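According to TrEMBL, the protein has these features:
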ACT_SITE  A:TYR557  active site, proton donor/acceptor
BINDING   A:213-219, A:295-298, A:347-353  FAD binding site
BINDING   A:ARG494  substrate binding site
SITE      A:ARG398  site 'Important for enzyme activity'
Amino acid sequence: MAAAAEEAAGSGGGGSPSSARRRLRIISGHLRSSPRAPEREALSLSPCKAQGGSTGPASGSIPRKRQELLKWNGWGYNDSKFIFNKKGQAEFTGKRYRLGGMVLPTFKEWMEKTFGASLDHKTTSRATLNVNDVPPSIVKEEFLQDLRATKISYSQDAEDRVFRAHGHCLHEIFILREGMFKRVPDIVVWPVCHEDVVKIVELACKHNLCIIPFGGGTSVSSALECPEEEKRTIVSLDTSQMNRILWIDEKNLTACVEAGIVGQDLENQLAESGFCTGHEPDSMEFSSLGGWVATRASGMKKTIYGNIEDMVIHIKMVTPRGIVEKNCQVPRMSTGPDIHHFIMGSEGTLGVVTEVTIKIRPVPEYQKYGSVVFPNFERGVACLREVAKQRCAPASIRLVDNAQFQFGHALKPQVASIFTSFLDGLKKFYITKFKGFDPNILCVATLLFEGDREKVLQHEKQVYDIATKFGGLAAGEDNGQRGYMLTFVIAYLRDLGLDYYVIGESFETSVPWDRVLDLCRNVKERIARECKEKGVQFAPLSTCRVTQTYDAGACVYFYFAFNYRGISDPIHVYEQIERAAREEILANGGSLSHHHGVGKLRKRWMKESISDVGLGMLRSVKEYVDPNNIFGNKNLL
Amino acid sequence: MAPPITRCPRPPPRLPQRSGQPSRGGAGQWVPREVAAAGRPLRRGRAAERGAGRRGGARRTMAAATAAAAPGRGRRGAPMYSKELTSKKRDEFEDILEERRLSSDLRYAMKCYTPVIYKGLSPCKPNAIKSAVLQSEQVQYVIKQLAKEMGESSDIIQEEAMEILDEMGHNMQLGAVRFFAFTLSKIFKQLFQRVCVNEEGMQRLQHAIQEHPVVLLPSHRSYVDFLMLSYLLYTYDLALPVIAAGIDFLGMKIVGELLRRAGAFFMRRSFGGNRLYWAVFAEYVKMMLRNGYAPVEFFLEGTRSRTAKTLPPKFGLLSIVMEPFFKREVFDTYLVPISISYERILEESLYAYELLGVPKPKESTSGLLKARRILSDNFGTIHIYVGQPVSLRTLASGRINRCPYNLVPRHLPQKPSEDIQEFVSDVAYKMELLQIENMVLSPWVLVAAVLLQNLPAMDFELLIEKTLWLKGLTQTFGGFIEWPDNLCAKKAVMSGLTLHSNIARLVDGHVVLNDKGVEDGAVGEIVFKHALAILMCATYRNQLLNVFVRPSLVAIALQMTRSFRKEEVYNCFSFLRDVFSDEFIFFPGISLKDFEEGCFLLTKCDAIQTNQQEIYPTNKGSVIISFLSTMFRPFVEGYQLIFRYLAKEAKEAFTEKQFIPGVRNFVFQLLEKGNTQCYEALSSDMQKNALAALVQLGAAKKKKMSNGFTYNVNQEAINKILDMFDARIPVQKPVAARL
């Protein structure tokens, strides 16, 4: 189950579930009654916090002890997961998501059919972290003394350190379940404001330490892994406590926000003033603003709001050389190459992003989901291309292939009444029998429209008219909504898969329009072939969706998962196949990454991607900004 | 993982669903292609059933075609020739005419024909392909470009493109196919004793056709090749190929149109300069390939080999069919080498005349009708060996820089980069070597080789003895001899002589060449007649040469250098390999490997012993060494004659049209005077190759002029090469180092 841990610092082809806002409300409600309130009080009493004229309450969703709220060896919240209940039916626990508490009657069959997985063959993760296995924390006393003097909170606790030693790549989760990282941070620090970060970086320079910034921890590029050969003390700089909105400027529609804020808090708090950023990567519950900036993130509603590079007005970053920022907050300037572009995508190799001024928009008046069924994937892509050409893409438009359509079906909850199931049957009959769509070929586009009511309806009609030209049939709001839900629960599914010998992951690329079909077909075929060659017993699930449209191309997102029973070293096999798939993408004219970033996972292709000279340019920036490699996470270069 | 394909004793009923579309979306167990395909046995009616009954399950099973082409093979530097040549497993043959002789041809022609097809195929009519080609971005782009450059309206050029397409396009129709199925059955039964096919190859092909676009690459020895494959695929219920044919066929009334309906499409002989033609043609071929419309068939050699030696490959069409893969418009492409060997070549005497300068008759329907008298003649057996499909993706892995294809829109015409050109050339040679590997050699081929070394007459018993000896040697060298186990040598030689009674005959216990009319007539005529007989005989010996060339060149080098030092022998070998690079097929750039291969084979047959620095002929090896070098002597001597002519007599600049008669006269006079016995130097094929070799060695310059190519030779350089041949000067390193 393709675990799609979306990029750490954010990113993601997409989205929030049905009603993102409802979810946010639930979460914020949960937080208001949180017993951790006093601690937060204490934090906000610190002098640093007091200075910043913060608007609204400075409450972060993610506690210092992440494991209290989040799984330590999997994705997302402790209380939310897929299980097989006593009747052997799949069920999603918890109350955070719309799917919570619902039974998914067809899921088990789908899983057995797709992966040849069986409930009888189970693997189990270790129940808790074995603290004795964790590499010891080696920190010099002089540094600790200096650190204590700054009053910045820190921890050398084994759990704290391990939970900041990884992102959500498959191999990282596998290690958590069954092994131990060779290298983890020696100490975790929690700065609460920009000044704290300045002090930490100064100390790191003074004592020659290695800093690895940590935001939401949702990286899927091995970006958070500690380089094994790093001999210096590794300081994990957790930005989660720098999470206030410092100010909102309604005249210019901008907000200045501390970089540690996670997506849901940002949207939640802005919503209280009637605003939003509109940046919604799939990981938005957990990924942080600073992480988005550091990886060049993309949100599912980028058609309206833009990608992170379009949203950012001003960035403050602390580097070993000092602070880098622009002198004004303007929409555009011609002052040589944009220094923001050195920062965005730097993946923590240059410094720590502390404060970001970001564009905000009034919360849209009206939202509407939609979906269109196409007779086949080719027609679907042609339709998306036409939509892009006419520049009338809705807030989000995604095209899932047949395998993913069937996957979505498997996640359909038990229907409440006979009437609904009758209606479903009727719909199915109409599409497959009356319209002659082959249920094993057809594919679905999901849509999300946003804006004022009248315009949305107008826009909707325009898009459906285009779709009709390509043989598309409107398939209702409900299907659209479920499509978006699928993309965030899919990350939870990987954990379930891992329990039943199924491993998987997602990866993404961007590609010119004319190569979309060839790329999708060839990459899937390559995966199937590689699996076969590597001795995978069952055909893998390899499925894709087009998640973003641009003028000149599209972003394509792949899920890939297989049953690894009978393979002695599944992770190695998995990595070989993923590598082959990436080779295939590059050979088909796709990019190394659209929004997940490079990290350490995709470094080997950097030279090919940006040329020798290009790589040299980036290196020279790194050498100037950070000559002693304080930010030594070894990403990117 | 690929399930073994076993022959069912009786073809089970057709699978309910078309096997073309298994497991969409990648879900489900590994049902895919292989199983689906295996579920459907290769069909060939009753004879196949009987065959299966006869042999029972003894036949070995075969892994699916995907297992083809071991990774890394074929990449430069990878082993090109199998070291275990004799132990090489080859499939067994089935005679497809056997069934034809037993059942109605008409029913056969009318049989239910529903071939397996490419999984991604969207069916379309020949005319739909043409209009798709015309509307394609590729062709439209060139049309617009030309319109702009020539200041003409693009409608006119579009019209022109349409005309090209109409001239070119095939119009495959089942009716014509059935017509051919009927008439060819009749004709083949008249002409040939047997048409033998390796059925396992057909099975592999069946899988390949469903999986990826397929390119069929048969050898080309006869016009019979043209329809033979289509006939075969029809017999086995496989998708019929579209075949690239020379435009000359269109000169034939009715027949041209018939061929077109049987799936032939026509290409002009040269169109390098015509951008519109190139664009239309290339797109036409690619369109058929990409859509999996039909397997594309063409001849790498470009034309029928008049000498039965494999001709150096042409690269144009090959690079066209490889392009969709380079641009990733298809996931992979299968290249299938196919070796078609004739026991007796239909055109044998025509070829000999042609080589001696009597022009090839123009293709015409009346000519074809006149040729019908050959129907009363017997042309023995045809062997068709369908090789293992080679995955282009596997060949290309790690060799192609993907950047050039990613940075330019795919519909723009793009000159292939140097490494692509090199790759295309490597693949072409690899395919030809695979063809050669599976060429079937009849006993007569061995007889011809022995006989040519023992002219004018040879004792029959001795001939049998030597033929048997050569059989052993050929097998050691990896030659694929079809010599039935129980057939005694005498019978084999006798039946060869009977079949080829026009070439040689038995007179008083001696075998002599059949050069009738030599006794009387002028000297010149005697020479001509004799040359004719020798060239015809040589056509059969030639079939051995590419199997023997590596050890033989080592043998010749040993004799030429009169040295045992490995380095010197290698330098000489390398020189010879260069000189004969157009004459025989060598994989480019692996001179040393070829040398090692030659040494290995000579060691294997105990002809030489080697250590680190030296090579010694053994005592018993001298027979082999001398046989091998005599086998190639016509080439060594012939080239020397031709070089000598060029060194002495060639004018400042000359065209090929001037050169051929000039050198022919020169050799003719020498033969008349009895100053040489090298009749083969009269062959225009050898003359052209020798000239091409000089160009490659830098001793001649080839310039393109308005009326074709002209040549300039460097006398000094040629003399130097001649000196090397005569071993007056040692072969110098620079020549070898040039490799």
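Backbone N, Cα and C atoms are what each Cβ position is placed from, and that goes for glycine too.
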Rounded to the nearest angstrom, how far is the Cα of A:ARG398 (site 'Important for enzyme activity') from the Cα of A:ALA297 (FAD binding site)?
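That comes out at 17 Å between the alpha carbons.
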Can you tell me how many other Cβ atoms are located within 10 Å of the Cβ belonging to A:GLY216 (FAD binding site)?
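There are 32 of them.
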With H, G and I counted as helix, E and B as strand and the rest as coil, say where DSSP puts A:ARG494 (substrate binding site).
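Where A:ARG494 (substrate binding site) sits, the three-state DSSP reduction gives helix.
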Measuring Cα to Cα, how many angstrom lie between A:PRO213 (FAD binding site) and the residue listed as 'active site, proton donor/acceptor'?
27
For A:GLY348 (FAD binding site), what residues in its own chain, 6 or more apart in sequence, show a Cβ-Cβ distance under 8 Å?
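In sequence order, the residues whose Cβ lies under 8 Å from that of A:GLY348 (FAD binding site) (at least 6 apart) are A:ILE212, A:PRO213, A:ALA223, A:ALA294, A:PHE631, A:ASN633, A:ASN635.
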Quick one: of the recorded positions A:ARG398, A:ARG494, A:TYR557, which has its CA closest to the CA of A:GLY351 (FAD binding site)?
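Closest candidate to A:GLY351 (FAD binding site), judged by Cα separation, is A:TYR557.
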Just give me the nearest neighbour of A:TYR557 (active site, proton donor/acceptor) among the recorded positions A:GLY216, A:SER219, A:ARG398, A:ARG494, Cα to Cα.
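If we rank A:GLY216, A:SER219, A:ARG398, A:ARG494 by Cα distance to A:TYR557 (active site, proton donor/acceptor), first place goes to A:ARG398.
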Check the Cα-Cα distances from the residue listed as 'substrate binding site' to the recorded positions A:GLY216, A:SER219, A:ARG398 and tell me which is shortest.
A:SER219
Counting Cβ neighbours within 10 Å across all chains shown, tell me which of the binding-site residues A:PRO213, A:GLY351 comes out on top.
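The largest 10 Å Cβ neighbour count belongs to A:PRO213.
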Give the three-state DSSP assignment (helix, strand or coil) for A:TYR557 (active site, proton donor/acceptor).
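DSSP assigns A:TYR557 (active site, proton donor/acceptor) to strand.
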Between A:SER219 (FAD binding site) and A:ARG398 (site 'Important for enzyme activity'), how many Å separate their Cα atoms?
23
How many Å separate the Cα atoms of A:GLY216 (FAD binding site) and A:ARG398 (site 'Important for enzyme activity')?
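Cα to Cα, A:GLY216 (FAD binding site) and A:ARG398 (site 'Important for enzyme activity') are separated by 26 Å.
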Reduced to three states, what secondary structure does DSSP give A:SER219 (FAD binding site)?
coil
Hey, does DSSP put A:PRO213 (FAD binding site) in a helix, a strand, or just coil?
strand
Have a look around the residue listed as 'active site, proton donor/acceptor' and count the other CB atoms within 10 A of its CB, chains all included.
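29, counting other Cβ atoms within 10 Å of the residue listed as 'active site, proton donor/acceptor'.
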